């Protein structure tokens, strides 16, 4: 592990000028820096003092959303547990604080042994839960040394990461042997985990937590937008877009409006630090733009959202609920070679889903939706034509949305299975240590 730590330190030192510049110009990189470097926040120390702590790590927004119901159900089953949540990104941090007000939320410390040990001394966790694919060698090693059991929940091994894991299997095998339990999204993921070195007897398939996304609340922003849409307006929600995709979507917009003049596009960039750049792109396109951040503050003064407008969703935590307004949803990260984002978010509302052809990160989910004719995948060239066809063929498109909702509903239950597995793990550990 000293080689890994040395490489990590060298990367930090060599990259210091770059990161100092980014910190000076972007709040995204300043956020939580002291905590990441090992200064445990005072409020975290206070919150966990004298409590039985379960530490859940969820890297960003998607993982936080998947973890939310799990954390709530764990808390309901074992009310004496305090569930502390770490994230890597600022957006994940904000969403976790909003959705999990009873949990202390902090930034994941950098993966240096001495930094990790500081957090372990403060948290003294009964269990570390790592969401999806967050495998940090020093974190795993120090938890093992401290006798903290670990579980990887909603585990996945993507097409892109599998070759890298296999090349380094000799290094990963002893680390993965320190994990007590792997709860995989699918049989394919379970097989991949064993291939990269996870002990087969510790791997179970519990399903995908993202099929249990059942957020009851309606975003106030969604309610406000619904009230300001004209009768007959058809909303195209374009979510989690990455650089390059906004221009493709805006280029298709005149063709859509020629067929559906009452259409409104909700455009939600994946990364908040791109909000200003995307706003400039929209302004340069000549379309009317409404910024959600401004709309939220003075919707009545701004009045109805005009047909043909682009509603820029420059707020955090509203996209999942915003999909409910869609006549069609486009899921981003899929027209550029980025592996796509989660099509379940619109599918759970019965909204028909459109994606590009890059969806490796969600291949199993997309495959299931494809098997039920509940998603369409297109190239950038065919985007406008496909959108127009989906808006014209109303009955077919509505049926497509219903099939997507049926797929979503049929896969529910992963959260309950995961809670049972985690509580059983801790019970067995208590028995084995007596």
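The count begins at 1 with the first shown residue.
Even glycines carry a Cβ here, placed using N, Cα and C.
TrEMBL labels come from automatic prediction, so no person has curated them.
Database features, via TrEMBL:
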DOMAIN    34-212  domain '3-deoxy-D-manno-octulosonic-acid transferase N-terminal'
ACT_SITE  63  active site, proton acceptor
SITE      132  site 'Transition state stabilizer'
SITE      210  site 'Transition state stabilizer'
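The Cβ of residue 210 (site 'Transition state stabilizer') lies under 8 Å from the Cβ of 62, 65, 66, 154, 342, 344, 365, each of which sits 6+ residues away along the same chain. Across the structure, residue 132 (site 'Transition state stabilizer') and residue 63 (active site, proton acceptor) place their CA atoms 7 angstrom apart.
Confidence annotation: the domain '3-deoxy-D-manno-octulosonic-acid transferase N-terminal' (34-212) carries a mean pLDDT of 95 in the model. Just so you know, of the recorded positions 63, 132, the Cβ with the fewest other Cβ atoms around it within 10 Å is the one at 132. Under DSSP, residue 210 (site 'Transition state stabilizer') is assigned to a helix (H, G or I) in the three-state scheme.
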